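Record features (TrEMBL):
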- 75-176: coiled coil (COILED)
- 224-273: region 'Disordered' (REGION)
- 232-241: compositional bias 'Acidic residues' (COMPBIAS)
- 249-265: compositional bias 'Polar residues' (COMPBIAS)
- 292-317: region 'Disordered' (REGION)
- 305-316: compositional bias 'Polar residues' (COMPBIAS)
- 333-374: repeat 'WD' (REPEAT)
- 377-418: repeat 'WD' (REPEAT)
- 419-460: repeat 'WD' (REPEAT)
- 555-586: repeat 'WD' (REPEAT)
- 588-622: repeat 'WD' (REPEAT)
Amino acid sequence: MAERRLECSWKRHVVEQLKQRDRVQRHAFEEIIHQYNRLLEKSDLQTVLSERYQSDKYDLQNRHDSSPGLDLSRNDSLQQEMAQMRIRHQEELTELHKKRGELAQSVIELNHQIQQKDKEIQSNEAKMEEYQRQIAELEGECRELRGKLQDLEQANQTLKDEYDALQITFGALEEKLRRTTDDNQELVSRWMAEKSQEANKLNAENEKDCKRRQAKLQKELAEAAKEPLPLDPDDDIEVLAEDSGKGTGETSPNRPLSRTPSKRVSGQSPQSSLLGSISNIFGVSESVQPGLVLPPDSRRRPGNSYGSSPECTETPSGVCADVRVPATALHVFEAHDGEVNAVRFSPGSRLLATGGMDRRVKLWEVVSGRCEPKGALTGSNAGITSIEFDSAGSYLLAASNDFASRIWTVDDFRLRHTLTGHSGKVLAARFLLDNARIVSGSYDRTLKLWDLRSKVCMKTVFAGSSCNDIVCTEQCVMSGHFDKRVRFWDIRAESIVRELELMGRVTSLDLNHDRTELLTCSRDDLVKIIDLRSNAVRQTFSAQGFKCGADWTRVTFSPDGSYVAGGSADGALYIWNVLTGKLERTLDKNHSSAINSVSWSPSGAYVVSVEKGCKAVLWSDM
């Protein structure tokens, strides 16, 4: 049907074109035909006139022959008339020949135009045939596309039906999941309630047991105090050497406990000596017995002694006796060939380690307020991100961007261990308190526990977010993450004990000297202290101009926990007072780029800051 309509349409088009050509060419030839007809009429008229003139001429000639004398004058006039008529006829004939030539030329031109029009018609016919062929091809393609469209519509309908069925299934599964979640929450609530009840019962039993033991101990002490005990002169008992210059029984704060042969000290009874010895055995240093005066430093951990020079003191885990708030830049030096990411003092404050993007860890000796180069630790294949000494200062642990952590010995600069296993940059690595294990956190969102004796990974924990920093206690690992959370991990259970969410990405973690407070820094430009006993934010520090410059910006406690130091993106060092909660000091010179890390020496005498450039600055109040 469509082909028949198409055939009728092109035939109608051809007829219209022919009619149009007839109208145009007829209009062009109509004037020529009209002039040609006039020319024929005039030619016929001339022929008639010529015949008539010829008959008249014969009549006149006959008449002249018959009467030549009478009609002489008349003949002259007739001849004149004939001559004039001949001239007029000759002019008319010339004019008609001229018009005939023009009309012949017009006929030639029109014939030429007709030939051109015929050629155009042939060209148009060829184009029409080509268009007809293209139309046929397009119609075939249209039929194919219609078939494909029908197939696609059927497939779409099938997919729609399947989607509706999946939606129904998904709704049913979602409802089942909701019911399961509700059941799970109810079970967890019941389990937590039961655990709470069990914990309360256990606490009550422990409290009763503690009271019983204390009562028993007090009774035994009272009975022991009533009976005089014979003392062997060869036994050693810890007593205090009295100050000879004072008769009040007070001792000098600078004199330590001395072990002397057993002699009765004046003013000290056997009861007080025995109680003091028992107190020293059990570590009960806070309850001072009557008649026994302890020096001010005796409440600190045993094994730590503080000399008169803070920079040479070995203080692995004790409280610093003298913390100096930095006020001056003692030494500004180029630490690395590029960005410096990490800095750390050794436990004795004598050595300083820096790590940079030049793949090296450099050791510096702090002498007379200057950092003298001591050596470089090599072996890393990418930039250093974190540095830490062990508690004795003999080993150095560094994390690197080449997915590994490495341990060197400080004395001979030798690489001892290379711990590989992460699939992303290792951003933090820390020794545990036993120095036989380390914990590493990586960009691959995992934490790994390593045993240095066997040199293998003992545990791998998936944290769910990139780990930027780590700190450790005896059985707990605290990690700061990109998802703004601080996670607390139980090393034995490999599980999260609790989480704490901050307002920005966590960049740094640090513990105070007694490991009861956690210092955090985050990308919301806030430094916070978290009380680990209550799991709550105790203090928040901020300052106008302070801005965290990177995801690995490190802040630090002072050794005694009374100050907090942190570097800003504008190159300024900020010191806050923990007791007052206010900004203590701002040191805004000597750095030309963002500060990446800050370390406070365990002696409390120095602070070192490193930047995104290549410089490090040694600060003090001297």
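Just so you know, glycine gets a Cβ as well, placed from its N, Cα and C.
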Mark yes when the repeat 'WD' (377-418) and the repeat 'WD' (588-622) have three or more Cβ pairs under 8 Å (sequence separation 6 or more) and no when they do not. no
Contact set, same chain, for the repeat 'WD' (377-418): CB under 8 Å, 6 or more residues outside the stretch: 314, 316-317, 339, 341-348, 351, 353-363, 424-431, 433, 435, 438, 440, 442, 450, 452, 455, 469, 552
What same-chain residues lie close to the repeat 'WD' (419-460): Cβ under 8 Å, and 6 or more beyond its ends? 382, 385-386, 388, 390-392, 395, 397-401, 403-407, 466-474, 477, 479, 489, 491, 494, 552
Cβ under 8 Å to the repeat 'WD' (333-374), counting only same-chain residues 6 or more beyond its ends: which ones? 310-316, 380-389, 391-393, 396, 398, 400, 408, 410, 413, 552, 554, 596-603, 605-606, 608-616, 618, 620, 622
The repeat 'WD' (419-460), counted residue by residue under DSSP: helix, strand, coil: 0 helix, 25 strand, 17 coil
